[in-house]
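S.K.: Please see the structure below; I have some questions.
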Amino acid sequence: MTDRYAVIGNPISHSQSPFIHEEFARATGQDISYERLFADIGRFNDVVGEFVASGGKGLNITLPFKGDAFRYASELTERARAAEAVNTLTFRDGKVYGDNTDGVGLVRDIVENLDYPIVGRRVLILGAGGAVRGVLEPILEQKPASLTIANRTVIKAEALAHHFARYGKVEAVGYAALEGRSFDIVINATSTSLNNEMPPLPHGVFTPRTLAYDMVYSTGLTPFLQRAQGENAGMLADGLGMLVEQAAESFSIWRGAQPETRKVTNMLREVLA
């Protein structure tokens, strides 16, 4: 019998998750179906309940419902509790298990696919929203030399630094405080690239040894990556690899099989080109 999975969001028509999971299933010999589920704001619980009642086995959650999924789950992993957000729900034995695979997806893309160790590196993350909250704990697990969050509203960055202090030291600053400082890894976790804009970074943050990573994926260079390229950053990467890696972790949670990701990432980049 084919097991049913889906991704739920609003909007959802743009999601590449069905393509990714169908390729994972084909490669690992798993019998699943995977679809997109649209939910009106305020109807997340109703739509999920209907999905479970129809025999659904698991859900991926995208914007704007990761907080709803966190509250919906009856059992949470440590990384989901740290993020206070869930992107993977599993329905088993009458319970709802919540996990967050965003951070491990980012770390695997950087460390394994890009072959750029995080341990001992100076890491800068731009933004202080949900995207940052979802990845801080796995990054801190890698033991960077330092981890700095920069945000227009410093108090939001400070709140995150305080929340994650039990996992490691996190510095919170405004963008102006980055003047005269450089970093080994700079991660853009703001939504500026979606609006064809750029965070207000001072010059000098990037060096020829810097990995510039935009969590948004694009067919061309985002404004953030264009800026990094113009300042001679050593390596540029968008978030497509993270998307595939977080999906692979979800797939492994559901199916007990760890799919190979590089081929799927390359296929997806061709599809999006």
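Here, residue 1 is simply the first one shown, and the rest follow in order.
Keep in mind that glycine also has a Cβ here, set from the backbone N, Cα and C atoms.
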S.K.: Of the residues N45, N87, N196, only one is listed by Swiss-Prot in the shikimate site with S15, Q16, S17, T62, D102, Y217. Which is it?
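M.R.: Candidate in the recorded shikimate site: N87.
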S.K.: Can you tell me how spread out the NADP(+) site is, meaning the largest CA to CA distance among E78, G127, A128, G129, G130, A131, N151, R152, T153, V154, I155, K156, M215, G239, in Å?
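M.R.: The NADP(+)-binding residues span at most 29 Å between Cα atoms.
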S.K.: Name, in the order they occur in the sequence, the residues of the same chain whose CB lies under 8 A from the CB of D102 (shikimate binding site) and which sit 6 or more residues away.
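M.R.: Expected: A83, A85, N87, A131, G134, V135, M242, Q246.
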